[in-house]
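First comes the structure, then the notes that go with it.
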Amino acid sequence: MAVVWTLAAAATLVKLLFIPGYRSTDFEVHRNWLAITHSLPMRKWYTEDTSEWTLDYPPFFAAFEFLLSCVAQFFDAQMLIVNNLKYASERTILFQRLSVIFTDFVYFYAVNEFYKNRLLFAGKNLRRMDSQPAIIPALLIFNVGLFIVDHIHFQYNGILFGILLLSLVRITQNRVLEGAFWFAVLLNMKHIYMYVAPAYFVYLLRSYCFTGTGPVLWRKFSIGRFASLGAVVGAVFVMSFGPFIYFQQIGQVLSRLFPFKRGLLHAYWAPNFWALYAVCDKVLTVSAVRLGLVGADRVASAAMTGGMVQEYSFVVLPDVPPIVTMMVTVIAMMPSLYSLWVSKDKVSFVRSVVLCAYTSFLFGWHVHEKAVLLMIIPMTLLVIYDQHYAKMYLILCVTGFYSLFPLLFTPFENVLKVLMLLQSAIFAFLALNSVHSPTPAKFSRAALNRLFKPLSCLQLPFLNVPESLYVLGLVPLGVGNSAGLWLLGADRRLPFLPLLTTSVYCSLGVLYSWLLLYRAALADIRAVSVVSGQGEARGQRVKDGVQGKKQL
């Protein structure tokens, strides 16, 4: 326990240094929400639109903002006036920064709960998990993404991921109803966690509502357990949305939570499949214009590379409506959910949570770049379990953290983000290498090993040479996006180019690590099928033997 709280104290001291630093428009977003929830009655929370930053999080987060506002009034009551747009006094900045730091203790508590139950995630490395217990807590507490997004850019993800981790730990402890309660609370604080809800639904249905072992039979279905689970989750949603149902505002609330008019891509493209799709359309468009197949007037109306949050049309490739992204996401999730159904063990549950987050991030509608943390943080729990998970984590975390770099663009933060990523990556590679001691990764084909042998000096632990080159390629990408564009005088002419190249390059790493993790899930399906087949064969032989003895 002392390990976690020592790390938490060190991280908190570092966060205090960021108080006077750069902050994004999200700072004003949350100040406005403090003002709305404090100054207006509840029935006006989701109709107030004085500011462009209207309240668009679920009711429990609005209640969270209200609780914060009760303390904020003692720092500077002026921040709680709705019409005080862009108000940012020194006391306001101090309060909002400290509120994020203080609420991070929910995250620290959840990490500590994981630490006390860490052997559930150790796999074949029980001794090493016990002899090096600080690795996963250090990776979680000093998560670079949370430092960038929460304590510089400004958001409240720490408390949310704390609730997610607490829910995961409680379920792995077989405290299922408690875990379901916390996840329901989380959904009513930030609805992006719907990304991982399918994994929760499948696991709780299969492992909690169906009792016993062996094949799934309806006679094993526990109506009592299903009812208790439904009652816990339903009660949370009633508490959250009940007042707005009473106010007859549920439609207004839902329209704020699910604004499909925002367009397929966020202003800053998340590194996902649709970023690659948009770039393909751009390349095809430029080629078509040069060949005279598309008029220049059509290109002018396509604002996909302008970085705007709006609806727009692709020029060459088909437009993608929300229903298509939903269908693709659901279809891509199905194999991982089936793997969870047949495996139904705790590690498969966490892996399925990660896969659902991955799939929603890659194929979802209007995905924010910050959602990459929804894969990285739960994936951290598996890095000791098996070296293959460690490899996927390393590719994902380095790529994912780098993809957040465009959020920070001031000179001091440019240096800071590079230093934070370097120390995080070096620690992760060295720490996990000490746990797993992997042999240098090689290809199954000797010809490929000979081809890349001259570059073996660049090979990183866990990764083969091409994977290592990809990760190391982030260095020239960063140099080119900053100094390169400035030297060429293109930084003003092409302001969106660094965002585009970062999103596209990181999309490849995220997509590749998703495929690696999916391969592990599919391998589990095959392993379970083989074991089941062998069990059925043994059962049949025993049955045949008994029948033979009876005939004798």
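Cβ coordinates are placed from backbone N, Cα and C, and glycine is handled just like the others.
Taken from TrEMBL, the feature signal peptide applies to 1-24. If you look at the signal peptide (1-24), the same-chain residues 6 or more away from its ends with a CB under 8 A from one of its CBs are 93-94, 97-98, 100-101, 104-105, 108, 111-112, 115-116, 133-134, 137-138, 141-142, 147, 151-154, 407-408, 410, 412-413.
Residues 30-40, 45, 48, 50-51, 89, 91-92, 94-95, 99, 156, 159, 185, 188-190, 240 of the same chain, all 6+ positions outside the transmembrane segment (60-82), place their C-beta atoms under 8 angstroms from a C-beta of that stretch. Look at TrEMBL and you will find 60-82 (among others) tagged as transmembrane segment.
For the transmembrane segment (94-111), the residues of the chain that approach it from at least six positions outside its boundaries are 4-5, 8, 11-12, 15-16, 18-19, 27, 30-31, 68, 71-72, 75-76, 79, 137, 140-141, 146, 150-151, 154-156, 158-159, 161-166, 169, judged by C-beta separation under 8 angstroms. Taken from TrEMBL, the feature transmembrane segment covers 94-111 (among others).
Per TrEMBL, the feature transmembrane segment maps to 131-149 (among others).
If you look up TrEMBL, you'll see 156-173 (among others) marked as transmembrane segment. Through the fold, the transmembrane segment (156-173) approaches residues 30, 64, 99-100, 103-104, 106-111, 113-114, 117, 120-121, 140, 146, 149-150, 179-180, 182-183, 185-186, 189-190, 193, 196, 203-204, 346, 349-350, 353, 370, 373, 377-378, 381 of its own chain, all at least 6 residues removed from its boundaries and within a Cβ separation under 8 Å.
According to TrEMBL, the feature transmembrane segment maps to 179-205 (among others). Through the fold, the transmembrane segment (179-205) approaches residues 57-61, 64, 160, 163-164, 166-171, 173, 226, 229, 232-233, 236-237, 240-241, 257-258, 333, 336-337, 340-341, 344, 349, 352-353, 355-357, 360-361, 364, 368, 371, 374, 378 of its own chain, all at least 6 residues removed from its boundaries and within a Cβ separation under 8 Å.
Sequence-distant contacts of the transmembrane segment (226-247) (same chain, at least 6 residues past either end, Cβ-Cβ under 8 Å): 42-43, 46, 58-60, 176-177, 180-181, 184-185, 188, 204-205, 208-209, 253. Per TrEMBL, transmembrane segment is recorded for 226-247 (among others).
According to TrEMBL, the transmembrane segment annotation covers 323-341 (among others).
Taken from TrEMBL, the feature transmembrane segment applies to 348-365 (among others).
For 371-386 (among others), the entry in TrEMBL reads transmembrane segment.
Residues or ranges marked as transmembrane segment by TrEMBL: 393-412 (among others).
As annotated by TrEMBL, transmembrane segment applies to 418-435 (among others).
Residues annotated as transmembrane segment in TrEMBL: 496-517 (among others).
Long-range contacts of the transmembrane segment (393-412) within the same chain, counting only residues at least 6 positions beyond its ends with a Cβ under 8 Å from a Cβ of the stretch, are 21-22, 24, 144-145, 148-149, 152-153, 268, 270-271, 369-370, 372-373, 375-376, 379-380, 382-383, 421, 424-425, 428-429, 432, 460, 462-463, 467, 470-471, 474, 478, 498-499, 502-503, 506, 509-510, 512-513, 516. Here the listed stretches are 131-149, 348-365, 371-386, 418-435, and the one with the most C-beta pairs under 8 angstroms to the transmembrane segment (496-517) is 348-365. The stretches the transmembrane segment (131-149) and the transmembrane segment (348-365) are not in mutual contact, being linked by fewer than three Cβ pairs under 8 Å (pairs 6 or more apart in sequence). In terms of C-beta pairs under 8 Å, the stretch of 323-341, 371-386, 418-435 lying closest in packing to the transmembrane segment (348-365) is 323-341.
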